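Peer 1: Summarising the annotation, TrEMBL assigns compositional bias 'Basic residues' to 1-12. The region 'Disordered' annotation in TrEMBL covers 1-59, 74-99. The feature compositional bias 'Basic and acidic residues' is assigned by TrEMBL to 17-27, 79-88.
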Amino acid sequence: MAGHGRRKKRRVAAPTRQDEEAARRMFLEALEAQRANARSQETDKPTENQVTPSPVAPLPGFYYDEAKRRYFRASPASERQRRDEMELQQKNQEAAESKSVFKVKTRRGRGHHGHSWVNYMAWRQADYAWSARRRDSRELIPKLLSDFLSSQVVESQGIDNNGRLSALALHPRASNLGAIGGTTRDNCRSFGRLTRHCYFATASNGRLEIMGLQKIPPAIGSGPPTQCALPICDFYVPGVITSLQWRPVQELDILVCHIGQSNTPQTPSGRVCFIRVGDQQTRGVALVSTARMKEMDFVDPWTAKWNPTDPSKFSVGYGGSSRAAYVDAVAEDRSFQRAPTGVITSDVHAQSFFSTGNVVLNGTKSGGLWGWDLRTPRRAFEWEGEATPDRPAGSVLDIHMLNDCQRAVVQRSNGELRVVDLRTSKPVVEFMSGAPKRYLPSLRCAVDNYESVVVAGGDARHPLAVNSFNLQDGRCVSSLEVRNSPSMQKRSTLVQQVQLKSGHYGTRYENTPEIWALSRNELYVCSGRTEE
């Protein structure tokens, strides 16, 4: 028995978790390689029974029969049979796609049919991208605003004026300001509370008349209520009023530019008045207001604009050496900052602040544009107006700087209305083309709060028309004609100034504008909407 002892068992280490994972991974890799090899062999091996169809060239007057693999001459019966087969095939395809279909509601209100939640989420992403690319502001908002503006009824107010109306200003926050209005001229209406104010001026005698808008309740069964303008109080300034603008605050503060008649050449021929209306009291049937007025002398002041970021300061465009200035309206001293001089020396007739409040875009009588950065001692840029011997550049009468600080809506005295890109100094969109021998000194346009629609008058073919244009592409999206009273004895003239004013300030509808328009001898106000 010697030499035949018990053999010891060899001890084997237990497999670790890493070894098991490595073995499992190697097995899966080998299995995937085997499957890939089998798939490649199946695709590489040509099928014996599969015949690749050759493309069929169409022949005029013949049709190809796939079953017989021949061309046959086309006949009315064969054409009718082919149409029936195509319709049947299309119906079968639509029936197959209509199975297991659900309907979801998207943000734009249209129902979308999809087969799975993957398709639904893909359409949701496309719906978001549709809005993210600003297609809503480019397409939907202009369409909605044009329909809303074209449905308005804009009627004359029968203003009793002795001269030419030259300026119109609407208070931006007048819905929060109340005033007590008097009776109408026929004394058939009692006192009522006015919810808005509009201001316009006659140029012949320097009359500044404050008007309030009052809703008139309808007669029984006559329709919706209307609204009309009622006079509140008057101010008189010497000379011709060239510009009006309300201060964008709650108070009734207004800037008035007027060009007077100077007796001596050394005396400035105009003034800028800062009028604060207050302490209103009723005397009989009239409302008397004691106003505090601050006057500043300038040479031919044509326009004045409040700074949108600092409502206590404003810029003024005038004649003389520097043509523009920046003024503190509430400061005790009369000092102001003059604009730097440059190549363009023509009078400034129009101004507009950038949304930042640091740069002023100036338009001149010669048709040029130049920028003034209030923080620098020199002009930011200067561009002369485009002029030819047959077509001189019209004077710039109105400017609306857009919020992107890159484009501006510019209106000229010859009727031209364009969008100018300040990066290239070139017009990029044209709404109305100007006429060579045309001069309209009081043209003004309006841009809505969304910056999607430009509203303007000055249409030579339709003098009483107010046109709305898409700001992006210049298309005329709507047009309406103002209405004159049947008892109106004055001759109707061309609508030159247009402004937009919301009748629901402070509410969810404050961005739904109403049209106000001004001609040489009449004020037009939105009195209601058509029932269409």
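In case you wondered, yes, glycine gets a Cβ from its N, Cα and C as well.
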Peer 1: Mind checking which residues of the chain, 6+ beyond the ends of the compositional bias 'Basic and acidic residues' (17-27), have their Cβ under 8 Å from one of its Cβ atoms?
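Peer 2: Counting only partners 6 or more residues beyond its ends, the compositional bias 'Basic and acidic residues' (17-27) has no Cβ contacts under 8 Å, so none.
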Peer 1: Can you break down the compositional bias 'Basic and acidic residues' (79-88) into helix, strand and coil residue counts using DSSP?
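Peer 2: So the counts come to 10 helix, 0 strand, 0 coil.
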Peer 1: Could you tell me how many residues in the compositional bias 'Basic and acidic residues' (17-27) are helical, how many are strand and how many are coil under DSSP?
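Peer 2: Grouping H, G, I as helix and E, B as strand yields 11 helix, 0 strand, 0 coil.
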